[in-house]
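Pulled from TrEMBL:
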- 80-112: domain 'Alpha-D-phosphohexomutase alpha/beta/alpha' (DOMAIN)
- S90, D305, D307, D309: Mg(2+) binding site (BINDING)
- 205-312: domain 'Phosphoacetylglucosamine mutase AMG1' (DOMAIN)
- 327-455: domain 'Phosphoacetylglucosamine mutase AMG1' (DOMAIN)
- E385, A386, N387, R516, P517, S518, G519, T520, R525: substrate binding site (BINDING)
- 474-545: domain 'Alpha-D-phosphohexomutase C-terminal' (DOMAIN)
Amino acid sequence: MNEQQRSILLQSASRFPPPPGTTIANLCCILRFLSILTQIVLTGVKFSYGTAGFRADASLLESTVFRVGILAALRSIQTGSVVGLMITASHNKVSDNGVKVADPSGGMLTQSWEPFADALANAPDPHSLLQLLDDFVKKENITLEGAPAAGVLLGRDTRPSGMSLLEAAKQGISAIMGASAEVMGVVTTPQLHWMVRAKNKGVEASENNYYDQLLTSFRYLLDYIPQGNSRNNVTDKLIVDGADGVGGEKLEKLKTRLGYLTIDVRNCGDGVLNEGVGADYVQKEKVVPRSFSPADAGMRCASLDGDADRLVYFSVLSNSNKINLVDGDKILSLFALFLKEQLAYANGASTDYLKQLGLEVVLTPTGVKYLHEKAAESDIGIYFEANGHGTILFSDPFLSWLETRNNELASTSKGSDQHKAALRLLAVSKLINQAVGDALSGLLLVEAILQHMGWSIYKWNELYQDLPSRQLKVKVVDRTAIITANAETTVVRPVGIQEAIDTETAKYPQGRCFIRPSGTEDVVRVFAEASTQEAADNLAHSVMRLVDQYLGSGSS
């Protein structure tokens, strides 16, 4: 990194770069950058890049987003491809925000760059920052002189803080000579990831192109429903909780172009983002979101999260605010059933059901990045978390084979059952967002499959019976004191806690309990299930007390 590039970086640290050659203005610029950097020291915040990127109170993120802009530009230069930068805090409260990078594949930032992201976000002063950048550029052999132009697609959700943080990201990107930002506006997180993937495949990558691909594939799946399949059990109306976020807004736009399906979108920006609404709230609390009531009993309902990368379904119980939840595991099971003998990934109560279908079930550590990586090893991999985040991945060799097979069938037995099956698989590969979990594309695929099967939401929910469960969290001084193994099903440290958990779990019929540290805050998460809800609740609280005993928690 030469002196000119160093100078540009220092000037760009301010949201308002000073006129060239103005000594006092340059000094003010550096002082402003120092004041932003001091946020880290004064608040005691230590940023850690995980599946969610960086998240915190929005007022603390200006410096961090600026730095991630630099990282995104460097990643684009190194790969010679377009990358993405999304400003969102997903299902977090509206006062929070976050930032994460989409790699050229459309997936998450490669894990090998996460330590650099951490170091970059936590550098205590401008000179440390520049030294870190110098060292990293040399280590990664990133050529800045004469490098191809770097391109970063920028998106944000509907949070009020998003606009100013977007400007900070643009400043960071432009701090690297030759790098430029293309603002995609207010989009869902999956839309931005899709755009990055499409752009690098040489495909048109606007928001309208995204809708066109989803709708064309959805219509194909409806057209390929076998004659004679009963659709009488499937109402054409769906009620969707938009979480008062960007997903609800985009679904309102999308639904105007749908033919068969009628969608009633509620919580579409008229309330507070993620407050008593959204997939995370519905999945954890198992109650109706705001704007829903017992009057909706009997209807098929769905809920998106704040940035529309999670999806769960539910039905409202009569005369109650309680629901029957159809979570990510059951969405996975529906997809697996539709794809028949293909490979799927799940955990929890869906595992036995999927094994009965002859499908391989693989457990990974918690986090979408681990699930996505494992699923990508197969010709067809399906992954979902119970919270509704997941997708289907098709390998390039498999899609190439499928295209060839489709062409063969089209010439020898066009319109046959085999040919239609190949066409359905191709339509699924285009409808589903293979970059990341996408609530909008997932919702359309669920609706197409239910139509194909002739299933109501009740029939779908009867695939298998969930064991009663309880999820709790315990605040701890240091979450890194918990070390797990075997895909986070066993605790290695503190020594003795796993044995204590096993002893407690053995007291309950069909008992199962795991603990794991949060990836974003000093919290340990407890998951327990057992034969009854009371037993699951008691097991979870017993293990929560063990966590308190071994780690010295604060309030829970």
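Counting begins at 1 with the first residue displayed.
Cβ from N, Cα, C; glycine included.
Predicted, not measured: the structure shown is a model, and the values here were computed from it.
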Least surrounded among the binding-site residues, given as P517, G519, when other CB atoms within 10 Å are counted: G519
Number of helical, extended and coil residues in the domain 'Phosphoacetylglucosamine mutase AMG1' (205-312), per DSSP: 37 helix, 18 strand, 53 coil
Cα distance (Å, whole number) from P517 (substrate binding site) to D309 (Mg(2+) binding site): 22
Average model confidence [pLDDT] within the domain 'Alpha-D-phosphohexomutase C-terminal' (474-545): 90
Distance, D305 (Mg(2+) binding site) to R525 (substrate binding site) (CA atoms, angstrom): 20
Sparsest-packed of the listed binding-site residues (D305, D307, D309, E385) - C-beta count within 10 angstroms: E385
Chain-internal residues, separated by at least six, CB under 8 A from S90 (Mg(2+) binding site): A52, G98, T189, D305, G306, D307, D309, R310
Local Cβ density at N387 (substrate binding site) - other Cβ atoms counted within 10 Å: 22
Per-state residue totals over the domain 'Alpha-D-phosphohexomutase C-terminal' (474-545) - DSSP helix, strand, coil: 25 helix, 22 strand, 25 coil
